[in-house]
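Working notes, beginning with the structure itself.
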């Protein structure tokens with residue numbers, strides 16, 4: 001009834017409702033789960049204990065809630081023990097018989113209803129053993145195997161078992177001869193020894209309630225008719241032929257045998273595939289544990305019990321099962337009345353899940369306009385009553401999952417509130433114009449166009465597209481004027497009007513030209529146009545594909561000229577300013593561009609890797625690599641040298657005497673013997689001399705006989721029996737003027 005009221009309101013406000021054209025514009029406000037019920041198991045410790053099963057959803061209006069137990073609606077108005085806080089269900093004075101079961105929460109507001117996942121409430125308890133003083137004695141022969149039954153009392157919740165031998169705190173210690181099954185609680189002794197005689201008490205612990213109960217003692221008595229002889233293993237503890245295992249769970253298989261001698265337990269997979277490292281053997285191999293069980297762990301497992309008298313085996317297959325989990329879910333949808341809906345959800349699980357669909361918490365069936373096939377839902381010719389909250393349900397015997405989405409069915413007259421025509425639309429003469437007619441309407445409106453009072457028809461220049469767009473090819477001044485789009489559906493009519501202004505094409509009257517320029521100079525790259533006065537014009541420049549930042553590089557770039565001029569001034573040009581410059585002219589109706597290549601020339605860069613290939617007492621063979629020519633070919637090189645006896649670098653004589661730009665080797669001549677030299681090379685081009693190369697490694701010329709006699713030989717002075725002689729000897733570095 002609530003949904004019907006909502007639909008009537010939608011119809012009544014249809015004249016003012018402008019339904020969005022796309023679902024992403026719609027505000028979906030149906031219920032969305034924040035918290036859903038989960039399984040709860042509680043101990044009952046006192047009469048005033050309470051339980052809380054959580055449930056919370058968001059939406060607008062704020063959702064309200066109702067609860068069901070085992071599929072029956074809970075009447076909270078007449079239930080004094082149960083009440084809600086928000087969406088949470090609180091149960092006071094818990095009763096195991098009345099409160100145990102499956103709970104489900106429903107959240108609803110004016111947009112629809114959704115069901116939560118199901119959560120169980122169970123109570124953990126442990127009753128006491130039936131009162132009796134002593135259990136019947138078990139009589140066995142020495143060497144015989146025996147099973148002492150525990151027979152746990154009624155209970156709920158996970159149990160663990162232990163056995164007391166004679167009196168507390170002496171507990172039976174498990175080993176290869178003794179085993180306590182955590183499945184049955186029974187105590188198994190593979191081969192009885194005289195030390196085993198005594199009283200045995202089963203201890204049962206509830207892991208949730210922490211309660212502990214003890215059975216009456218069971219006496220184990222040794223018969224006096226002699227020891228029992230050896231016999232082959234008899235498997236008393238074995239797992240079922242089929243063991244279902246959930247994905248991610250821990251699987252424990254028990255296997256224990258009676259026998260004399262005490263049997264040894266081993267495990268294998270009948271497929272021959274070895275156990276992965278995660279598999280553990282415990283309690284002298286009586287327990288096989290497979291943690292985090294996965295599909296690849298399925299198969300037949302074999303337990304082998306063996307002693308000197310023989311062997312016996314037990315087999316069982318572990319099968320894999322998994323609760324459903326989503327691979328694909330539907331999303332909220334907003335469709336126009338009379339549209340068709342198609343939603344699909346996909347889930348994986350083992351066994352393969354089955355699907356069902358809910359609308360506002362009620363089952364949908366295939367009937368008339370509604371078709372359901374596996375996880376696919378289709379509804380033809382939507383009407384307002386189809387609006388609401390939908391859920392896809394995937395279920396197998398191990399679990400059930402829900403996916404929710406909201407369907408809004410839109411019904412509104414056309415409206416141009418969000419997408420009116422521009423008041424003035426400009427177009428270049430000779431171009432194609434597209435006038436968009438995009439009303440918001442549900443269902444989609446039918447559109448027609450008028451120029452002035454004349455209804456436009458399709459012709460060789462006019463095209464009317466299915467989406468309402470009007471295209472006019474090769475427009476001229478005659479096409480200028482007022483255009484109106486009129487949109488209509490069964491709920492009403494709307495129109496929008498704009499004026500089309502035809503402008504003359506923009507022309508570039510002066511464009512930049514390719515140029516060569518020297519480092520340090522300044523230039524202006526022209527970019528001037530003639531344009532229709534009705535157009536707004538803007539200029540921008542790009543350099544090597546990047547927009548020129550006039551604010552970030554004010555030292556070099558500046559826009560000069562007036563509104564119809566986009567000239568670019570570049571001051572103090574550097575080598576890195578060489579490249580492609582593009583002037584971009586943007587108007588209301590078109591974009592033009594003009595480009596030029598600027599080549600910046602400068603002195604050559606320094607040569608590289610100057611090395612001394614060979615050296616004698618008077619010559620040195622040099623080689624080097626060329627540096628950058630910086631826009632002008634290298635025309636020649638000059639070699640310079642220095643020694644510890646010179647001041648700075650000096651040009652040296654070379655062969656060839658003049659080194660042209662294509663030569664990368666030279667021989668320095670006229671060097672002095674036994675002197676340490678360094679060399680460097682300088683390149684030149686038409687712009688000038690470049691920077692020198694880095695110096696070569698220091699290299700010493702070979703030794704040789706002096707070719708000049710000492711000069712200014714003299715002497716005198718000194719002390720008694722001493723003569724002082726002096727002379728001069730000069731070393732010259734041949735230099736070029």
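Every residue, even glycine, has its Cβ placed from backbone N, Cα and C.
The signal peptide feature in TrEMBL is assigned to 1-23.
The domain 'Ig-like' annotation in TrEMBL covers 31-122 (among others).
Here TrEMBL flags 127-215 (among others) as domain 'Ig-like'.
Look at TrEMBL and you will find 233-319 (among others) tagged as domain 'Ig-like'. Secondary structure of the domain 'Ig-like' (233-319), assigned with DSSP and counted as helix (H, G, I), strand (E, B) and coil, comes to 3 helix, 51 strand, 33 coil.
Residues or ranges marked as domain 'Ig-like' in TrEMBL: 324-408 (among others).
The annotation domain 'Ig-like' is assigned in TrEMBL to 414-503 (among others). Secondary structure of the domain 'Ig-like' (414-503) per DSSP (helix as H, G, I; strand as E, B; remaining residues coil): 3 helix, 48 strand, 39 coil.
Annotation comment: TrEMBL describes 505-593 (among others) as domain 'Ig-like'.
Under the heading domain 'Fibronectin type-III', TrEMBL lists 606-704.
According to TrEMBL, the region 'Disordered' annotation covers 689-717. Non-local neighbours of the region 'Disordered' (689-717) in the same chain are 603-608, 610-612, 615-618, 620, 622, 624, 627, 630, 638, 640, 649, 671-683, 723-730; each lies 6+ residues outside the stretch with a CB under 8 Å from one of its CB atoms.
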Helix-strand-coil residue split for the region 'Disordered' (689-717), DSSP-based: 0 helix, 8 strand, 21 coil
Secondary structure content of the domain 'Ig-like' (31-122), with strand meaning DSSP E or B: 4 helix, 47 strand, 41 coil
Predicted model, mean pLDDT over the domain 'Ig-like' (233-319): 94
Stretch with greatest number of CB pairs under 8 Å, the domain 'Ig-like' (31-122) reference, 324-408, 414-503, 505-593 candidates: 324-408
